[in-house]
Amino acid sequence: MDGYWDVVVSSLQDIYNANEVIPFDDELQTKKLNFLNMSKDQLQLHLNTFQEHMENVNRVHRILDNVRSNLSLMLNQSREEKSEENTEDAEEGEGTRMALSQGKKAVGKVGRSYWTSEYNPNAPILVGSEVAYKPRRGSADGEWIQCEVLKVVADGTRFEVRDPEPDELGNSGKVYKCNRKELLLIPPGFPTKNYPPGTKVLARYPETTTFYPAIVIGTKRDGTCRLRFDGEEEVDKETEVTRRLVLPSPTALANLARK
């Protein structure tokens with residue numbers, strides 16, 4: 001569920017940024033213009049402005065559709081979990097009810113991480129876990145995308161994950177079938193060790209759900225990583241990324257999860 005909420009927050013930030021670049025509000029001065037007295041170049045300039053404004057508004061409409069979709073999924077998932085809990089309470093005996101009252105809860109299938117190191121704890125992968133998924137193309141340190149685990153199958157080494165971002169047409173994100181070598185677990189929030197400067201990592205680029213190779217420049221007091229992403233157009237540009245969204249590079253990981 002956290003993955004859906006992260007997408008909602010990220011989408012709302014995208015809408016805010018879109019308004020900062022090209023305000024959604026109508027320009028009063030534009031309404032007062034007399035287009036009949038303008039030259040062809042002036043008309044073309046205004047036409048370009050209107051087209052950019054329209055494209056920006058249409059893009060925001062698609063983002064809002066995605067927000068509504070993710071909020072709906074969150075609400076449905078919450079209802080399903082509540083329904084399952086009520087069913088369990090009705091079917092289980094007094095002993096199970098006592099266990100539940102003490103905070104004990106049955107756990108479904110548990111997935112196992114393949115990639116692990118001192119900078120990315122070997123925590124179990126569960127339904128709802130956030131992961132970085134590598135599409136089956138390119139190198140291990142190519143682009144990875146943030147997904148949410150929908151299903152743990154087989155013996156915990158295969159998964160179904162969903163891209164929470166809609167496609168270019170605004171349709172729901174794709175569902176992928178993958179194995180544990182194609183996933184990197186995003187730490188669920190517990191403390192993680194800081195990377196030393198010079199460490200090669202995969203980090204989620206701000207305002208996207210895509211992970212790219214980067215080099216750690218340093219770490220701030222709050223744990224935020226200062227990074228230099230590979231391929232940045234601006235030379236020596238530093239970017240700050242939340243620690244939990246900075247993952248060890250698969251090619252640099254020394255410890256592999258045991259079967």
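From the backbone N, Cα and C atoms, a Cβ is placed for every residue, glycine too.
A quick note: this is a predicted structure, and the numbers were derived from the prediction, not measured.
Here Swiss-Prot flags 121-255 as domain 'SGF29 C-terminal'.
The feature phosphoserine is assigned by Swiss-Prot to SER139.
As annotated by Swiss-Prot, region 'Disordered' applies to 75-102.
According to Swiss-Prot, the feature site 'Histone H3K4me3 binding' maps to TYR205 (among others), an assignment based on experimental evidence. Taking all protein chains in view, 17 other C-beta atoms sit within 10 angstroms of the C-beta of TYR205 (site 'Histone H3K4me3 binding').
Annotation note: TYR212 (site 'Histone H3K4me3 binding') sits in a strand segment as assigned by DSSP. Around TYR212 (site 'Histone H3K4me3 binding'), the same-chain residues six or more apart in sequence whose CB sits under 8 Å from its CB are GLU143, LEU202, ALA203, TYR205, PHE229, ASP230, GLY231, listed in sequence order. The site 'Histone H3K4me3 binding' annotation in Swiss-Prot covers TYR212 (among others), and the record cites experimental evidence as its basis.
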